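Novice: Pasting a structure below so you can have a look.
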Amino acid sequence: MAATLEDKDFHYLINCILNAFLCFTASTLNCITIYALRKASTIPKPLRTLLLSLAVSDVGVGLLAQPLYTALLGVAWFQGRKNNPNFDKVYSGFMTTLHLFSAASYTGVVILALDRFLAIHLHLRYRELVTQGRLVAVVILNWVSAALLAFLYLVDRKDISGGIYAFLAISGNIITPFLYCKIYATATRHASQIRAIQVDATQQSGQLGDAVRLRKSITGSFLVYLAFLFCYLPNFTTRFVIFIAGASDTRHHCQVYSITMIYLNSSLNPFIYCWKVRQIRQTVVEMLSATSLRCRRLEITQTAKHSRKRSSEFPVPSRVDRRQEESPC
């Protein structure tokens, strides 16, 4: 049964509301995450750099990509999609930002998995080979490549940009699970070796502590990948179905919701960082506590000022004044 105009309006309205809310959460939560990452000096610099890159991408989604998508849905809701120059202009900007931030985020997740693989596979040689300068160069190259992909779409080379985007999606979904399988096997083997070796208790405790910290960072990066896969897989599936079977109203509605799912990922990542990275969680808690304390102090100050103002306008009579009022003439 074909979808009616009211059905389309309903889907556009629901997604407008969802994306308007997610704009706020993505931009606010990721700004807090960036602040916490800059304060958390105990996090290894390579890991912090990669998480900062992902957080910056998520801020861009909340401040630029999602507002454009919300505006696109609003134009489609009020004015329609066909033969509408306003829709075409907003759609062009929306797709450009979608390619930019999606490519930067997706390759960033793959680079994060590769970094954790090198950290556990190279072990002591990791700091020697994976330097901060090299990692910053990789992050910059990642953003330049994402910007080039978005530029190709903007200049109407959709065939090239679409092919590159599909290649990134397919190769990333092959490489990343393979890396995490290798990481799990290596981490399990290292833990068994540490327990089996008869070494000094203090040395063994230090090695186990390093292994536990590394495993926690790997678990956190794996959860970031799972959240990314959960939010992006519906869009990949919908694109594939439309490519094979053609477009329809139902598939169009699924695509609208799948893009909202993509943007949901930008609001989920900060919760994963706070949950799995203790330093970020402590910084966020301290910041929220300090903000709450400032608000309480401001409230107390305002209340005191209001009380002084009222007492100056309506002075309280002294005991002498009261006796004079009570004494007979």
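Cβ atoms here come from the backbone N, Cα and C positions, even for glycine.
Checked TrEMBL, it gives:
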type	residues	note
COMPBIAS	319-329	compositional bias 'Basic and acidic residues'
DOMAIN	29-273	domain 'G-protein coupled receptors family 1 profile'
REGION	306-329	region 'Disordered'
TRANSMEM	12-37	transmembrane segment
TRANSMEM	49-78	transmembrane segment
TRANSMEM	90-114	transmembrane segment
TRANSMEM	135-154	transmembrane segment
TRANSMEM	160-180	transmembrane segment
TRANSMEM	222-244	transmembrane segment
TRANSMEM	256-275	transmembrane segment
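I'm curious about the neighbourhood of these features; can you describe it?
Specialist: Same-chain residues lying 6+ beyond the ends of the transmembrane segment (12-37) with a Cβ under 8 Å from its Cβ atoms: 43, 48, 51-52, 55-56, 58-59, 61-63, 66-67, 69-70, 73-74, 76-77, 256-257, 260, 263-264, 266-267, 269-271, 273-274, 279-280, 283-284, 287.
Sequence-distant contacts of the transmembrane segment (49-78), counting only residues of its own chain at least 6 positions beyond either end whose CB sits under 8 Å from a CB of the stretch, comprise 9, 12-13, 15-16, 19-20, 22-28, 30-31, 33-34, 37-38, 43, 84, 86-87, 90-91, 93-94, 97-98, 100-101, 104-105, 108-109, 111-112, 115, 132, 135-136, 139, 142-143, 224, 256, 259-260, 263, 265-267, 269-270, 273, 277.
Same-chain neighbours of the transmembrane segment (160-180): 99, 102-103, 106-107, 109-110, 113-114, 116-117, 149-150, 152-153, 218, 222, 225, 229, 232, 236, counting only residues six or more beyond its ends whose CB sits under 8 Å from a CB of the stretch.
Listed by sequence, the residues of this chain that lie at least six past the ends of the transmembrane segment (256-275) yet keep a Cβ under 8 A from its Cβ atoms are 11-12, 15, 18-19, 22, 25-26, 29-30, 32-33, 36-37, 51, 54-55, 57-58, 61-62, 65-66, 69, 73, 98, 102, 105, 220, 223-224, 227-228, 230-232, 234-235, 237-238, 281, 284.
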